[in-house]
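Remarks on the structure that follows.
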Amino acid sequence: MSDVSAVDKPRVRVLSLNGGGARGMFTISILAEIERILARKHPHQDIKIGDYFDLITGTSIGGILALGLATGKSARELESVFFDKAKDIFPTRWSLVNLCKALCAPIYNSSPLRETIEMMIGAETTFNDLTRRVMIPAVNLSTGKPLFFKTPHNPDFTRDGPLKLIDAALATSAAPTYFAPHYCKDLRSYFADGGLVANNPSYIGLLEVFRDMKSDFDVSHKDVYILNIGTVGEDYSLSPSLLSKKRWTGYCHLWGMGKRLVLTTMTANQHLHKNMLLRELALHDALDNYLYLDEVIPNEAASDITLDNASDSSLQNLSARGKQLANVQFAQNQKLKNFFISPAKPFKRTDVQEKL
């Protein structure tokens with residue numbers, strides 16, 4: 001796909017998709033546009049982004065998209081579904097209605113989210129059915145610990161193989177305030193959004209390669225290449241005027257009935273994970289192996305492009321930004337092209353024994 005020497009070809013390729021609610025439209029638009037570019041270059045090939053990566057990891061909406069890609073869906077298919085269904089997941093409501101509802105219940109019903117996920121990954125598909133390695137973070141509310149849903153790419157992995165993907169997808173996207181915790185019957189546990197612990201899963205993706213993929217890949221840091229796609233939300237912070245109001249620092253005003261608290265938590269740990277990744281790569285002289293694609297939304301637009309704004313204007317803006325960034329980067333950035341030299345080898349392990 002590119003006149004690049006074999007030396008430049010990545011040995012292990014990781015796709016990492018950040019969380020961000022409705023802003024995931026930006027993420028999937030980037031991936032879908034790259035597919036279109038590759039399809040134009042290779043009209044006789046069935047181009048699917050997921051086929052080019054040895055590990056796909058994602059959080060929240062990024063986790064849903066990661067699972068969709070791992071099932072063999074194209075990014076273009078997922079883009080179409082999300083654009084059509086996002087308005088059902090995040091229906092427009094007056095802010096006063098949201099405010100009142102958040103006092104005693106989640107703002108949004110999880111049913112449209114489940115229906116959308118079923119369209120993307122199927123209702124019965126399990127981790128054992130996948131031929132692409134995946135890792136999806138979530139928070140196990142029943143134990144108070146993070147949990148990572150995975151394909152059985154480590155021979156000792158047995159817990160998640162028979163687990164349905166829809167449970168992992170609903171678990172990683174159950175953002176507090178917005179959606180109710182997801183109960184996974186097979187694990188007998190309640191889950192909340194993975195963005196509370198790893199909104200950018202790139203660093204844990206790198207560690208996964210060295211720890212639980214080592215039976216397939218005996219590699220060093222310089223052999224692992226990470227493509228990380230953001231959701232235009234990395235620079236969020238509370239306004240100085242809001243923070244300076246000493247009498248209005250409670251849950252309702254300062255934290256916006258939980259919305260600002262969730263966003264602050266996700267943004268802070270996103271920075272933390274990215275910085276840990278960069279320090280780790282720098283230590284091993286492998287900084288050039290990491291490519292981060294994202295944008296910072298201008299101030300006026302930022303107030304409109306939020307986690308739960310799925311209006312036509314917001315989705316169209318996010319889609320346009322994603323497509324533009326994909327075209328510019330693919331034309332100018334050889335590092336991006338190197339991820340798509342050739343498909344990765346499919347993964348399949350069937351000799352897993354039952355072990356908790």
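Every residue gets a Cβ built from N, Cα and C, even glycine.
Per Swiss-Prot, the feature domain 'PNPLA' maps to 15-206.
Remote same-chain partners of the motif 'GXGXXG' (19-24), defined as residues 6 or more beyond its termini with a Cβ less than 8 Å from a stretch Cβ, comprise 58-65, 82, 86, 89-90, 172-173, 175, 178, 193-195, 199, 230-233, 266, 305-310, 314-315, 318. What Swiss-Prot records for 19-24 is motif 'GXGXXG', and it gives sequence analysis as the kind of evidence.
Positions annotated as motif 'GXSXG' by Swiss-Prot, on the basis of sequence analysis: 58-62. DSSP places the residues of the motif 'GXSXG' (58-62) in helix, strand and coil in these numbers: 2 helix, 1 strand, 2 coil.
Taking a C-beta cut-off of under 8 Å and a sequence gap of six or more, S60 (active site, nucleophile) has these contacts in its own chain: G19, G20, G21, G24, T172, S173, A175, D193, G194, G195, N199. Taken from Swiss-Prot, the feature active site, nucleophile applies to S60.
Taken from Swiss-Prot, the feature active site, proton acceptor applies to D193. Counting every protein chain shown, the Cβ of D193 (active site, proton acceptor) has 30 other Cβ atoms within 10 Å. DSSP gives D193 (active site, proton acceptor) a coil state; it is part of no helix or strand.
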Secondary structure content, the motif 'GXGXXG' (19-24) (per DSSP, counts of residues): 4 helix, 0 strand, 2 coil
The motif 'GXGXXG' (19-24) [mean pLDDT, rounded to integer]: 96
